[in-house]
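Below is one structure; the comments refer to it alone.
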Amino acid sequence: MPRPISASISRAAFAHNLATVRRHLAAAAATAGNAPPRIWSVIKANAYGHGIERAVAGFSESDGLAMLDLNEAVRCREAGWVGPILLLEGFFQPADLDLVSRYHLTVSIHCDEQLRMLEAARFSRPVDVFVKLNSGMNRLGFKGGYFLAAHRRLSALQQSGVVGSVGSMTHFATADGPEGIADQATRFRAAVSGLEGPLSLCNSAATLRFPEYAADWVRPGVALYGASPFNDQTAEQFGLRPVMTLRSELIGTQTLDAGEAVGYGHRYRAERGTRIGVVACGYADGYPRHAPTGTPIVVGGVRTQTIGRVSMDMLAVDLSNVPDAVVGTPVVLWGEGGPSVDEVAQAADTIGYELLCALAPRVPVHGVD
Ligand SMILES: *Cc1c(COP(=O)(O)O)cnc(C)c1O
């Protein structure tokens, strides 16, 4: 018998979230009298821990898929995805360009080195690109004047048949916070004024909060997995559903006398007689070790809390309000029927993104409809 832990990935929730984000964008576009934007569903980092092949199936209605890893892009093609694929960091060395052309991938161009590699390349089929403006994130991209120069060099490559369409993109740093995106969006608008080609901006936070800024393409990620990019608004408030549910079972119970303590470091000490359960899930499964006593968890359909330190393979829960719980009682760590991944993340002082991406390879994952 394998350990009872597993993660299920809901194909229906993928589709539901994509449709929900699309409706949200369509409503804003209709108000502004614009055409609704197209959606690059972001599936980097093994689709935020959900599995590339499952994401390709779940996002079959998407307009495009966006990711970082060339191998993941190839896996999308092998899984039958024929639509656009955007490599968010472009390519890293000249040898990558063969695959880019062969698998018909769209690349982000964010630095001079990439421009030079493209200028030295020859393809049988032109490669579509998005030039990245550094509008204030200050990670990747060309600043102001350099952006225009890069655009011109790519337009020249368009004439010579190396490059196909030349779009423009940028990435927002503070879409989830009080600063919002106005500053960066204004810089983007100024930089692209007069340029041709499709425009791409808006991660999940900007897509949900500022859909009126969407242009030709948006790039939501975490929202499509049913998690929230905000710390003050839940995914549920936007009508999103968790795609991943992490489940396990109780594999033991203990009754503590007043004064007895639990687990490594004896970090939790019972004030009175307390029945506790031991769950087959620990940090080696991707559950955050920093989740403190009080982190929400559902045992036998009842919401309760973790107690003491999370170990490598186990964690302890308070069974005071789950008197019927026994070995084998089902536990939901996060997802459908449990706390949201964002609630667990917040308790552990991190974000839902990190927990989803960190699901450990040893956890068996299965798809559900
Ligand atoms: C990760 C990423 C996104 C998606 O971000 P979310 O916050 O998950 O929606 C969009 N664009 C770029 C460039 C990214 O790297």
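From the backbone N, Cα and C atoms, a Cβ is placed for every residue, glycine too.
Look at Lys44 (N6-(pyridoxal phosphate)lysine): DSSP puts it in a helix. The feature N6-(pyridoxal phosphate)lysine is assigned by TrEMBL to Lys44.
Look at TrEMBL and you will find Lys44 (among others) tagged as active site, proton acceptor. The Cβ of Lys44 (N6-(pyridoxal phosphate)lysine) lies under 8 Å from the Cβ of Ala66, Met67, Leu68, Asp69, Glu72, Leu88, Gly221, each of these being in the same chain and 6 or more residues away along the sequence.
The substrate binding site annotation in TrEMBL covers Arg139, Met312. In sequence order, Gly282, Tyr283, Ala284 make up the list of same-chain residues 6 or more apart from Met312 (substrate binding site) whose Cβ falls under 8 Å from its Cβ.
According to TrEMBL, the feature domain 'Alanine racemase C-terminal' maps to 243-368.
As annotated by TrEMBL, active site, proton acceptor applies to Tyr264 (among others). Shown in sequence order, Gly308, Arg309, Ser311 are the residues of the chain, 6+ apart in sequence, with a C-beta less than 8 angstroms from the C-beta of Tyr264 (active site, proton acceptor).
Note: Arg139 (substrate binding site) has non-local neighbours His171, i.e. same-chain residues 6+ apart with C-beta under 8 A of its own C-beta.
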